[in-house]
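Asker: Annotation comment: Swiss-Prot describes Cys200 as active site, cysteine persulfide intermediate, evidence class sequence analysis. The domain 'Rhodanese' annotation in Swiss-Prot covers 146-240.
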Amino acid sequence: MPVLHNRVSNQELRARMLAESEPRTTVSFYRYFTLSDPQGFRDDLYRTLTALQVFGRVYIAAEGINAQISVLQSRFDAMREALYAAHPQLDGLRLNVALDDDGKSFWVLRMKVRPRIVADGIDDPTFNPANVGHYLKAEEVNALADDPQALFVDMRNHYEYEVGHFDQAIEIPSDTFREQLPMVVEMLQHDKDKKIVMYCTGGIRCEKASAWMRHNGFKNVYHVEGGIIEYARRAREQGLPLKFTGKNFVFDERLGERITPDIIAHCHQCGAPCDSHTNCRNQGCHLLFIQCPVCAEHYVGCCSVTCQEELSLPLSEQRSHRAGRENGMKIFNKSRERLQLSLTGEDSAQK
């Protein structure tokens, strides 16, 4: 029986991917549907995608599938047909092909079974996730963008909103979708008669959010079909003006797709115009933040003087510094105060 998980080091896998001569295509997709045996479905699909040399991140739950993958261009059609055949509910699945792609987005296939394909924190047995809002195509999005009675609501995290968003969209200031759902209901409680247009990267979050809004008494709820990725593609194909400004953050090695030339964010260290996310080079920190080329050189890719100094230590000393440190993804919003302190070296005692 084949091993149904990766057993090769990330370093070696990344080197193999970078050595490939054939270009890859980055694709994202999701679908809400009922799976009676998520683990069995996961294992079967893992075998199929591994045979096709597909890399990426795939989450499977009883409520469906959520995936971001990369595939060799010569195997794209075979991958698509394999997905369509994997389950009757996946036949005709929409595949969001990346807009700004160097083919280096993933180098390993990771597939996990989870309680939900997107963590929503909803624990209400009366909630019907199928009762979604109206899907909007690109031309309909633009029409509503010019409608003073329409409110565009960004259902992405703050660091995604920071580098790009629909014009005049409302930010739900949080780091997680789970936190945003109760927040958006509260923030818009006096706007139930308005047209609520929800959007996200590829559609998975705003689709569920639209059902949640309807569950909470909002009547005129819409969501952008296929998210920002599909909207931008269709708008360009149809010659429509883009109502989204800046960059679309993505959760892979690219960390962003350029939608318009506008740079609306700023370096988190010096304040210069910049929308390039990076992770702190200090592996004991790995903070996600925006850093301009000047600061990248000055801080050697680190988020702070403290991390820069720690990175210069022998590996054994770096490991001792990391011991007991909080694990998990760190992003600038949660670490703003620490970052400001560490830029001046004042948080050394905390490290």
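Positions of Cβ are set from backbone N, Cα and C atoms, glycine also.
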Asker: What is the total of other Cβ atoms whose distance to the Cβ of Cys200 (active site, cysteine persulfide intermediate) is within 10 Å?
Answerer: 24
Asker: Reported in the order helix, strand, coil, what are the DSSP residue counts of the domain 'Rhodanese' (146-240)?
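Answerer: For that range the per-state counts are 40 helix, 19 strand, 36 coil.
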